[in-house]
Each structure stands twice: as C-alpha cells, then as structure tokens.
Amino acid sequence: MMASSYNAKDEDGIQPGSVGSGGPGAVKNRKPDNTAFKQQRLPAWQPILTAGTVLPAFFTIGLIFIPIGIGLFVTSNNIKEFEIDYTGVDKSSPCFHCSQNYSWNSTSACTCSVPFTLETSFESNVFMYYGLSNFYQNHRRYVKSRDDSQLNGDQSSLLNPSKECEPYRKSDEKTIAPCGAIANSLFNDTLELFHIHPNGNRTAIHLVKTGIAWWTDKHVKFRNPGGNNKNLSVAFQDTSKPVNWRKPVYELDPTDPDNNGFINEDFIVWMRTAALPTFRKLFRIIQKKKDSKTPTLQSGNYTLEVTYNYPVRSFDGRKRMILSTISWMGGKNPFLGIAYMTVGSVCFFLGVVLLIIHHKYGNRNNNADIPN
Amino acid sequence: MAREIGESGEAKSAKVKKHKRRKSKKEGKTRTVHANILYDHTKGLDNPNRHYANNKIKTTKYTLLSFLPKNLFEQFHRFANVYFVFIALLNFVPVVNAFQPELAIAPVIFILSVTAIKDLWEDYRRHRSDKEINHMDCLVYSRNEKKYLEKYWKEVRVGDFIRLRCNEILPADVLLLSSSDPDRLCHIETATLDGETNLKQRQVVRSFIDLDCEFDPLKYNSVIECEKPNNDLNRFRGYIIHCSGRRDGLYKDNLLLRGCTIRNTEEAVGIIIYAGHETKAMLNNNGPRYKRSKLERQMNVDVFWCVIILLVMCLFSAIGHGLWMFQYGDKRPVFDVLSPEGTDLSPVVSAIYLFLTMIIVFQILIPISLFVSIEIVKICQVYFIHQDAELYDEETDSHLQCRALNITEDLGQMQYIFSDKTGTLTENKMVFRRCTVAGVEYSHDANARRLAMYQEMDSEEEDCTSHGGTLPRRDSVASHQSGKVVLRSMSTKSHRRTGSRAEAKRASILSKHTAFSSPMEKDITPDPQLMDKVNECSSQMEFMRFHSQSIKQIPPDLCDIFDFFIALTICNTVVVSSPNQPRQKVRRYELKSPVKTIEDFIKRFTPSRLTSGSNSSSSSSLATNRSSHRVGSSMLSSAESTLTKLNEEKPPDHDLQHAFSPVPPNYDKTKALAKDECELRYEAESPDEAALVYAARAYKCSLVGRLPDQVTVELPHLGRLTFELLHTLGFDSTRKRMSVVVKHPLTDQITVYTKGADSVIMDLIRPVTDNVKGKRQRKILYKTQNYLNLYAADGLRTLCIAKKVLSKEEYASWLQHHLEAETAIQKREELLFESALRLETNLHLLGATGIEDRLQDGVPETIASLRKAGLQIWVLTGDKQETAINIAYACKLLDPEEEIITLNADSQEACAVLLENSLHYIQTKFLCNPPPDPQAAKHYSSFHFSSPVCSLASSAHTSPFLVHRLGLVIDGRTLAYALDKSLEDKFLAVARSCRSVLCCRSTPLQKSMVVKLVRNKLKVMTLAIGDGANDVSMIQVADVGVGISGQEGMQAVMASDFALPRFRYLQKLLLVHGHWCYSRLANMILYFFYKNAMFVALIFWYQFYCGFSGSAMVDQWYLIFFNLMFSAFPQLITGTLDKDVSADTLQELPQLYMNGQNSEEYKPYMFWMNMIDACYQSLICFFIPYFAYVDSDVDLFTWGTPITTLALFTILIHLGIETKTWTWINWVSIGFSISLFFTVALCYNASCPTCFSPSNAYWTMQRLLGDPMFYLLCVVTPMAALLPRYFYRACQGSLFPNPVQVGRQLDKLPADMRRLLLSQSRMKLGSLGSLFTPRALFFPLCSPFQKDYRPRMKPAHVSGNKQKEKAIASPIPSKTVEMWDTPLSSKTSGNHVILNIKTQDIAETCRPGSDCPLSGNLDCAMEASYTKDPPTSRTVLEATLSPVDLCQVRLLTSTPLLCQTESIQLVLPPSSCLLEQKVEDEDSSNQSPLLPKGGGDTQHNQEHSVKTTFL
C-alpha cells in the first residue's frame, strides 16, 4: 500500500518532504535523499557466526550455567519432602474399603487412617498438599466450566450464571452456587495429621487453613455475594448446592466467616485449575512454632486420618498427601538444577569442539583470506 | 495491494461493460452522435446522445454507503481471509469453540480493517484526483450564448462542440472538425498515451477541409456514425452523414484522443465522440498485473504442507481424544464435563467436535499474519529500491519504477535475461556515420573522429551540453507557451492513469523538446569528397535548369548523389518546426491535398498545370531564398578550388577552417552556425529518420518544410525546391521500408523514393540488364552490398535508399488500386499493404547509409557482471545478424575466445540438420572428450559451479546447466523453424549449452515465443528487458519484465514490472536489490513457518497432558496476539532491513547472485529442517517447564505464561541468530516486542479479575515476576532450545561457509584490504569447504585464472586477440588489413575448426521433402574435423571444399568479426536461390560467391576482403 502511494506521489509531483528532497524551487528534483536509512547504509553490527566468534559465548554459558545448576540442585536437595498415597488401591491399604465407594452421593462418611514414618525431621514451615494423579483438571470443557462473576459475588450472576457452567448451572430449578464442573468436583477429603509419640500418644498437629490461596484470589477474585453481609445463608438463598457437594457453599467453614462461602481457601485453591493431570494442591500449612528449637515435624511416626469422600478409582486416579518444606525456588524439584548443569556442560563441550575446529580450520581460513 | 489495484482495473472495466450492455440495446452495433446544440432547448430529454457516458470520470470503487459491504466482499475474495473468518465463526459454535468468540474475531477484524483503511485511503486519493480532473476547464459551445464557454470537463457530453487551444489537454475523444492550421491539421502529442514524444498529425474530417471560414457549430447538422467505444488506440472507423446524404469516412487520423495535448496548432474545434469512461484512454487503463513470484509459489507449497500438518495434528488429537474418552468407558470421570444439554457425548462425536476445536487452536500454524507481513515487507522493499540513489538517473530525473509490487524477490532469482538490443543495450540515439552512394563509399573519417571526441567528452560535458545546450530552446518553448497553459499542464499532474509518469517526464522532454535529437546527431562533419560531389551536382543542376537543358545529361553518379540526398531529406515523416513560429505556414494559392481521386490526378497532371504550378512555387521560393542562402552554402562548400568558379564570393578563411577542421569544431561555433540557420527542429518518428535528415542537412540539403502534400527542401545552389508529395507509404515492420511518391520539381517525373532495410530493398532492385548501364548497376549493387556488410560488421545500422521513376501510365494504374484501397472500409490496412507492395518494385539503388547506435554507458560491464552472476543473457533483436553480432562483441556478450555457432537455415529440414549437428558437435567437444587442457576443464567447471563436465546428460535438471564457452547466433527465419514443436527441444538443448545466444531479425512474436519456450521448458526464471513496443509481448511473457524508459515510448514501461532509466541499473537492481529482496523474504518466510510451527507445537505437546481435549496452557490472548503483535515487529524489520552482504560486495562479487538463482536460501528441504528445528525447540520449550513444574501446585496459566514468555524469547533469539546485520532498528524492535509482551501481559493480568473466561489470568504475570523460577526458566530454556542451531551456524561458518558467508566475511574487512583482495582475486575463499562437502563450494574468481593460462593455451592468438579488441574499440577499416595473416597461423594451432558445408551439396542432396542423406555426410565431415588434429582437419576441409570455398574459409577467419580462434559456421543457404546465385556469382565476381539471401548474411566476410582490396 505504501509503495503504490509512492508511485502515485511521484506521479503527482507532490512529494512529501520525507520522500523527496524537493527544494523550494519550482523544478523538483526527484533524486532520493542520500540518508543512511534510505540508502540502507545504517551503521550495523554484523556478527559472523564462526567457530572463532562464538567460542566465548559457549564457554561463558557453560561457565555460568554449571554453577547455577549445582546451586539449584543443592537447594532442591535440601528440601525435605514426604509423600504418601492413600488412594487405597491395594487390598492391604487401610483406605481400600473406602476406595470401593465410587459414588459421590454416599452419605456415610468413610474414614481411614494411614500410618507413616518421617525419617527426618522437617525444620521450617511444612506445607501439606493433597495430590491427585490422572485427574484432568486441565480438560478444556472442565476449565471453562465456571463463572468468575458469580464467584466474584456478583448478584445477578449468582442467580443467573454464565452458560459455560452447563450442565452444572441449575439443579431443580435453582441456580447452583458455585456453578460449573470445577466447583462441582471440589476435593472434599478431610486430612488430619497426628504425631504418634513413641509412647503411643497421638498429638494432633495444628494445620493452618488460611494463607494457602493467592492473596489476590482471596481478596479480589473471590467474594461472597451480599458484600459484608455476614449471614451467608441469606446471601445464598435461592441457590442450590452443587450436585456433588454434601453441604452448601455457605457451610464450607462455618467456624470462620472469612473462610466461608466463596472465599473459602480450600475452594479457592481448587478453583485454580492445575496445569497437568498429576498435580498437588496446597491443603494446609504446618507452621513452625515461634522461638522453638524443635523442628516443625520431628522424625517419627505419624498417622494421616482421612475422611475419604472423594472417589478417584473410577478414573484410575490416585490421591496422595505430601508434606514438604519449600525453598526460595519452590518445592523439591532437582530438575532445574540438572537442566542447568546439562546445558552448561553441553555448552562447554561444544565450546571445546568449536575450539578444535577453530584451531584446525579457522587459521587456515584466515590464511586463505589474506594473501601474502 | 497490487491485487487491489488490479481489481480496481477489473472493476472499472466491468463497470464499463455494464454500461455497454445497457447501451447496446439502444445502440446496436454502432454509435450515432448528433450535435448537442440541436437539442439544447429540450433539456436533453430526446437528445439522442443522452445514453452515452458523460465525461465525468469516477475511478473510485466505493461510495460512502457501499464501502463496507463492497470492501468486505472484495477482501473475502482472498482465500486466506475466508479461512480466518471461517475459523473465527467456528468459535461461535459452543461445542467446538476454543476461545472467547469475541476475542477470536479480533485478529480477523484487525487484518480486515487494516486492509479496509488502506483501501479507503487509496480510494480517497482516487476520488481527489478524479475531482481534480473532472473540474478542469475546457471551452464548449453553447447555443444560447452563441459562443464557446468555459465548462468543467465533467460537464462535457458526447455531441458537444469543443474548442481546443494550443497546449491544452483533450478532455475526451474528439472528432476534429476544424483547425486553425492552414492545412487543416492538428498536431497532438500522445506521450500520455503511448509515451511517444513526437508529434502526430491529425486531420480535419474530409468534408470540413474545404471550409475556408471558421467552423460554425450552428451550421453543423451532420450525424456521425462510428464504432462503439473500444480500447484500440490505433483504430477508429465511422462515417459522417451530412444532411445532403453524403457519407464521408472517418479514420483514426480524424480522432483526437483524451489525454493527448494539442501542439503547434493554435485552435481546433471538434465534436466529442466518446466521453468519460468510454474514451480510448480510459478503456486502455489497466492496473498493474498481479504476478506471483517464484518464492511465493514455493511458499504456497509449504503453506499447503502446513495445512496437511495441521490436519494431521488435528486428526491425531481427535483420535487421541476419542481413545482417551473410550478408556473411561461408561464411568464418566468427574472432569469430563457433559455437553451443555447434559447429554453424554460418545467418544466418536466428541472426537469429531474436537477435530474442529483443534483447527481453531492450531489455526496460527497457517499464519494469519504471514500474508500481511509479506505484503508489508515487499512494500518496504519496493520503497527502498525506489529510494536507491544509485538507481536514479540525473539526466531524465527518473527513478527506477516498481510497477509490480509483489515480485521484488523474483529479481534475486533470475536465470535468463532476454534483452532487446536497440535502445536497451544501445542508446537509441542514432548517429550518422557513413554512407555509400552509387557504389562509392564515403567514410566520414572526420565525423568518426568527432564522435570519438564526443564520447570522451561525454562524461565531463554531459551537464554542459544537456543543460546549457538546451537553454535557448527551453526559452523558446516558454515563449510560445502561455502562462496559463503551463498552469494547465501542472494541474493535470494527477491524471495518473494515462501514464502520468510520461507526463511528469514531459517537463524534461519539453525542455529538450526535439524528439530524438542529441547534439551528436545534429552535428555531422561532412565528408569532403561527398560534399564536393554534392556541390558539383547541384551546381550543374542549377546550370542546366538555368539553360533549360535536360537534367538527364548529368552523369549518373552525380544524379544518384542528388537523388540520394533528396531521398534522405524527404523520404520520412519528419515534422519541421522552428522555435519562432509553431510551424512554417505558407498559405497556398490553392488546395493541394494528396491525390485523392483519379479525376484529381488527371486534372493535376495536365501538362500546363504541371509546369506552372510547381515551377512557380519553387522558383518563387528560389528567388527569395537564394541570396540568404548563398553565404551559408558557399561557406562550407567552397573548400575545393574546383568549385570556386561557381561561387561569387570567397569564403573567409576563418570559417573554412571550422568547416573542415578534422577535430570537432568548437561547440559554440557550431551552435552559432546552427542558430544562424534558424534552428529548424525536426521531430521524427524514429531516431534513424532524424539522424538521416540531420545528415542531409550537413550536406546542405535541408528539409525546411513539410505539409501533407508537399515537402520543401533547401539545396545548395538550387535554393528551395518544393516536391509535391503524392503519397506516403508509411513504415511497417513487415515491409521494413517506407516510400514516398513525389513529383520531382526538376524533372517533373513521378518518383518513388524508398528507404528500408537492406535485406528487403536489395531484393526489390530492378534486375540488371546486360548493357553497359547494367554492368555498372551490377557493380554498384555488388559494391553496395559489400559496404553494407562492412557497415553491419562495424555494428552500424544499415539502410538502403532506392528510387524508382514511374511513368504516368504506371502511376495511374497503380493509383487506381491504391485509391480503392484507401477508400475501402473493410480490410483497408491489408489492401494498403498490398498496394505498397505493388509500388515498391524494380527499384533503382541509390546508396546506403550506416548509422551508429551507441552502446549505453556501462553496458559491457553490466553484462560481464551479470554473466558472472550466472545469468544467461540472450539478446533478441530485430537487427541484422552482423550488426547484432558486432554489438554483441562490443558489449562483451560474445567473447572473442568463444566459439560461435551460427544457425542460418532455409527450411525446416535444414534447420533440423543444423541443430542436430550443433548438438552433436557440442556433445563431442564438451561432453565425452575431456577438454584438451585439463586446467581449462577445471576452469570451465569451476566457472559455473558445476560438478564434473560430463554430467550434463544425467543431471540436466538438478544441477545448474553446464554452459560452455559457446555463442549461438540464430536468425529470425531459422528461429521460426527452430521454435517449431518438433525442433524446440533440440534448439533448447543447443541454446542452453551456449553461454550467449543471439537471435537476430526476430519479430516481436518470436521474441515472446523464445521467452515462453525457455521459461516453460527449462523451468527457469526469465527476465525480459526492452524499451520499445516490439518488446512488449516479451516483457509480458517473462517472469519479470523490465522496461527501459528510454526514447521509444512508454509501451514497454507500461507493460513492465520494473522500469529502469538505463540498462546498467539492471546490475544493481538484480545483484543487490534482487539478492537482498530474495534473501530477506526467503528468510522471513522460513522464519515465519518456523515460528508458527514452534508455537503451535507447544500446544500440541500439551494435548498429551490434557486428554487431547483441545485445552491450551497459553492464554487465549497470547495465543491470538502472539503472531499479530508480540513477535511481529522484529521479523518485519529483519525482513525489510537485513543485509546479508553489503551492496558493494554484492556488486563486486556477482557470483553471490547464484545464491538466489539456486534458491539457496529457501530450498524445499529447508522448510522441513525448520519444521524439525521448530519441533525440537518446542519440545525443549515445553518439557523444561514441564519437568520443572511437574507434580507441583502450579495452575494452568501460571504454568502457561512462562512457556509463552520463553517461547517468545526463543523465537526472538532465533531471529537474532538469523539476523545478519544489527542496526539500532533491530535492537529497538526486539526490545519493543519484549516490552510490548510484558506490558500487555501485565495490563491484561491486572485489568479485570472476572473477565476473560476461561483463563482469567488475574495477577499471574505479576506473581511470576516475583518468582525466581520464572527467570531461571527463561534463561535456560532458550539456550537449550537454540544451542543446536547456534552451534550449527558456527560450524557452518567455519567449516563450510557458503559464498554468501564468505562475502560477509569480506564485508568485515577494512575497505582497502577488501579492495586489495578483490583486485588480486587470489583468495580461494571457502576452498576449505570442498574438503568437507561433496559439492564444491569454492569461490570462483576466475578471471585471473583465465589470464594466467590464456597465453599457454593459445599462444598464437594473443596478438590476434589484441588486434581484435582494438578493432572493436575503434573500427577503423584500414586496420583490418593487418588482420589478414592471423587466420592461417590460427589454423595451425588446431583449435580452429571451420566447417563450411558445401552449399551446392546441400542444395542438391537436401531438397525439401526428400530425405536427407546429407546429415551423415555432414557428420563425417564434422567428426573428422573434431579430431583436434590440425593436418587432418585441414585435409578434410580441403577435400570437401572447392578452391573458391577455401578462399572463403580463409576470408571467414580474416575479418575482425571472426578472428576468434574457435569458430564454427554452419551455413545452409536457401536451396531455392542457389542456382541463380551460382550464375550471379560467376557474373559479379570470381572472388567469392555473393549470397544475398539467407546464407548471404554471413558472407560479409568476403565483402570485407573485397573492401580491403578496394582500399
């Protein structure tokens, strides 16, 4: 389009200053400007990729990456993590009997306790996760099946949520709150942790329910309808609980009004759909006692008390409980360190190869370049 | 965009068609035009003209209302747009949608609206210019006011009377009814239509010619019936029916076309026949063509592959999804959401839905922005080409012009160049060089020396002569152009569709004003000898007339000289004008139009009138002019004492010196002299004519006036003579000659003067009788032929001049037929042609002229470097073979060391034999025997980048053609046979193995056929370059057509894709811009494919982890805008500005051009390599984050955003690796891209916590920026992803650099070092590469090679070559004598193979129709001579050739033309004329046979020898 305009301009004889250097005289000279840009002579850096020129880059990358990798690897290794599968696939598993229940609608709560032993003690704050495997929270239709306005406390959306929530939009002529498949499949197992003292006493470990969701989620994205109205049951009147739920949304945490309804953090965490089919979600935090020399979790025997509500066997899912400390780089994952080390070493190796090439052929090339 | 323009053209024509259709009901086959003034009072209700289009033009496509629907409709014609809209609409279907539907539309809307805005803007410009044009003024007759009133153009209607003043532009197609010119002529300049700057005469309609008083529209009551509007500029037919019932024919000579300018005519009146869109000019307007470049074709293949990949990926996903669903069986997992209706979807249905969803998700694999980006990049490229100061011609103030906007990259891939010769390689400024009259040659040595001086001075004096020299003329132009008129022509500047470039150019042309005249062709130093003879002749004539003696007593040679100059002066269509008055007007006593009827003829040729009429006029002028003329003529003519008796005055010595000084006279003096002569200006249709007229003027035979029926010539001693011009039979390319029929004022004979190509004229010469006169004639004929050949050998254009005296009876009988032909309506042209053929027979040869057409500046260098660039250059010319060959030598197209195969055949069979033999010869010589000199072999192969020499047969198509150092010369007739279906393959096989091919005497059609043949059969990229109308078809056929905006009009430019001011600019256009455009675009396209594939693959890998559900971890915003915004700018910048090698290096090392020819930058496998690389990179970019986050609490978009980010980094760094030059713009664009991404991401992630379902990436980016993992990922992933490519590039740069990389290394060197390297050219850059790669990637800078062992190869010829070079440089005939002895020595060297097939043998054995036993015979002769054994070949030759032929053989090699050491001549003369020739040969000379036809073309050699003996 531009080009045609140039032609046209020239034809017209009206040349904008940028195109022609038409002087003040009546006779316009159509000679193009002799500018570096128009003559394509802009000063330029012209890197030529040869063994010689890229050598330093390879060595530098290698030299930088390997230490970083080692650092990351060490950091990751310092993280303590414990994981236990309580799905109850094996007959021997304590939760086997609970896992036989494939239904969401069983009213009787099934509980099982899973004993485990921590070999080492966990020093700092311990994060307790539940992990699900083979659970495709990233399924396209599943991801869409929510109404953010409703979750944001919008009154009209509360009663008339988005079509995306179908088929979990209405139940018995009543609007489902929260609507959609994600909410409907809320993870509803209850996990409790007990420390078994060597003497046989069980101490319940205090699990903190809050602070597990993103701050912005809790305070911006998710809001209960009715504003500051503390009475959630009023706010949620004319709505019905999601099909799979045992209790309505305003009873998620009756003890803490700041953790109830849509702003229940377990709910919020669940609503943040996982990226991969095997995922963990933060469930509780075991806080390090202040001014205490004792580790958060000392090594020893523990029991995980599970209220087994969430059926996963139908899709070959697995449920796990994970205890983990975290570092500045998140949970335990040696991969990044390994990746850095690998890339660094490969770079270094290639650098050496290039060095050989450079020595063998680079000089000859130069000789060929320059006679005498 | 070009498409749009093209469409606009189509739309327009469609509109016109619609108009036509509507009208056709009422109009029938013809259009009837009445005068509007008859109907003025009825307000046009029953005006019969009311159905015709008015003169308002509207070239806009849209109105305010229709813009949106119409523009959208047009945009949806593009398939890509439909595809994207389809995908956007697919998003509205709930079951398959992948993105928010509103968002998915955004890019489509964006693209569509950008295009729409562009269209709107263009349309607005069109509207503005239309308005401007529509509001121009013209004078229209009004019945009420009884005078001409100013009206806007748009108000003019068909049937209006319009008055036109000098220098006005015609508003519509007007039938000329009256002219202020006494001859009822009107001159128009048609530069805007066809670019021809000469004036054309138009004639008042015949029935109005006789009007003596001014034309009164009120008295007009005729009806015009004419053709319906059509676009043929050269056709107009109709009748004018007067109220008396009389009908008069109307021809194109009566029609003034819209857009032309009235010149030299003070006032003209006409009636409008076609207006507005129905004018011929408007109907001729077609937008530029839409061509698809080779790269784009290749790209489209890969786009197609992308579609396939897309479908495979979608299918894979769909099947995967089906299986994934299937594995769960009835147990529906909680995350598998039911359809909205709550119904369960079966896996199969689900898979089908998913297939569609995946198409949406993967849509960017077929990149929405690729097409737009390519267009933008091409436009920028066009802009930069346009802005190149080195492609700007100061002289004409013109740029290179890109008319086709979308094939810039084709310029970098050319393999064959087809060039016209005249005007393209040469200046097309004709300079009279030599002539021969009555068998005597006048060599004009002084003139030659003067020209040489010109050439030297050209460079310094250019400005002086072009500016200073034209000043007085410019003044004069201004003086007869009123100020208003100047304004007028300025206001038409936007009349762009009628070749406004020409219009713009007119300013410069106007300043010179005289078409086809350079100072060079005007200043001719006469040959003293000839000058004497002219003087002698004319004085004798005067004497005789004075004494009333018969003119026949003058010796025949003097008579011939006289006639010769008369012919030069009058046998043309040159228009004379002087600056002081527009034209020389002489009111004649009576009207004398060319003879129109038999009665007229009888009336006019009664003896009494004959004497009185012409003599009175001529003598009167004689009387008036004699005194004034005497001084001038005596000044120049009196050098010889023999003439002094005729002169009363002694010339002053001072003047005499100037007149005959051997060096060119001082410019001022000559100018002053010329000015004294009143500075007559000649406007000629062709430069040859002008040159001849100026030449005649140098001999004091000046053309002083031309009227339709008479020509006035001023002669020395005789004064002004007025020739009654009876007919002018114009030049046409079939006849190749033109004639005038005049009544000679001195002899009162009806004389025909004919001027034309020697080949045709020589055939039309009256057969000689056997008496003394006949002998003389034969001698003259023979000598003239010799000289003609000599001229041709010197590269001159030759013309023969002949005359014929008609008896009155002959004339009468011819006239009858001719008049019939002239008045015929049907087949008028054909009849006129036949009539001309009847007249032009039995001519008497007067002489011949040699006109030089100088090479343009820099042509040899350009050709040399283009050839080094691997381009095959073919020259297709209409010129004579000898002329063409010599020009070819002069411009280094043919190399003296090359062998030349000349193909001249007379019949299909002969041609087949010739081709067969040539092919056989080539094969024997080059393919199966290794060349004699191993070094030479290396040289050959290295020069052309090809593998071993014998591989041609096997690898004809895969490897670059093996081109030998051979030249092929073929003439038009043979070409016609060779282009036959049965022979074309053989012809191509021969031609393609030759380094240069020269097609002489080819017609425009043949030119285009050759181009088409090569293009289609060899599958190569062809470029045709030419400047004239005869090149148009070739330009249109070629992949890229280049027009030279030279002097021969604008047709070539109009048809071309690129228009250059000069041939030499082709070098930079191809080698630099072509290379850049190609490599930029190729790299950009590859990068585009890579980029999209890489990005889409990320999502594809994810499908394995989301149950093939079509989910994407990349936020839909990023997904949609990634291509459109985030990654778009850097690639555009790189695609526009990247320079792989600097312009200087590209020009210094033309070999780098082969990069584009072989499509090195974008080979089919590269697409797949890029795909594999994209696959690898996406795997890295996917799995590093995957493993870094596996089994963590990361959510979908917190995981997807880093992936997007690092993919962006990877893509940008990838571009960085591929970018060769980094200017600040590159840095800025990359910085801009990254910051744009982060800005958009941050804003988007902060904007709304509840919107943008389903992703709702609220605060994600903000959180990520606080996460060290994010940074760690962003560092390691791109590194890991790009490591292989970076490593590969580095290795490639070191181990096997391709020539382009070597060029880049050269770039890096300091300038002086580089110059040193290039000049020494010793380096074998990249020679290392050959160690590692099978294909030899060395860098052949062979010219030093060549020099090194040339002496060793051909020690015997060095001197010969040098002489040859000298001879070319300054073809002075005397030098040729020295050449005499070289051939013999060259023969003994053994390299010299001369094959002269005995013509009689062939004639006898190879009669048409009969099977040819000859070929075997020929073969054996040839084979024998191939055997490189000098004595053998010699004996064979001697055995087969008669002594006469031997002589011929010797002569063959003796001319400068053929002194090259290796030469094959395969000459098959026409079998039919052989016997006659035989007889003639013996008659004319026993030196060598003279073969005027066919074979004669190559016979100039003997003539040369003859010439030397004469000297």
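In case you wondered, yes, glycine gets a Cβ from its N, Cα and C as well.
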Among ranges B:976-997, B:1020-1041, B:1196-1217, whichever one TrEMBL labels transmembrane segment: B:1196-1217
Secondary structure composition of the domain 'P-type ATPase N-terminal' (B:47-104) [DSSP: H/G/I, E/B, coil]: 29 helix, 0 strand, 29 coil
PLDDT averaged over the residues of the domain 'P-type ATPase C-terminal' (B:1053-1298): 90
B:ARG1001 (ATP binding site), number of other Cβ atoms within 10 Å: 24
Neighbour-count leader, CB within 10 A, binding-site residues: B:THR422, B:ASN1030: B:THR422
All-chain count of other Cβ atoms within 10 Å of B:ARG797 (ATP binding site): 24
Under 8 Å by Cβ from B:ASP420 (ATP binding site), counting only residues of that chain that are 6 or more apart: B:VAL875, B:LEU876, B:THR877, B:LYS1007, B:ILE1025, B:GLY1026, B:ASP1027, B:GLY1028, B:ASN1030, B:ASP1031, B:MET1034
Candidate with the highest Cβ count within 10 Å, taken from the binding-site residues B:PHE731, B:GLY878: B:GLY878
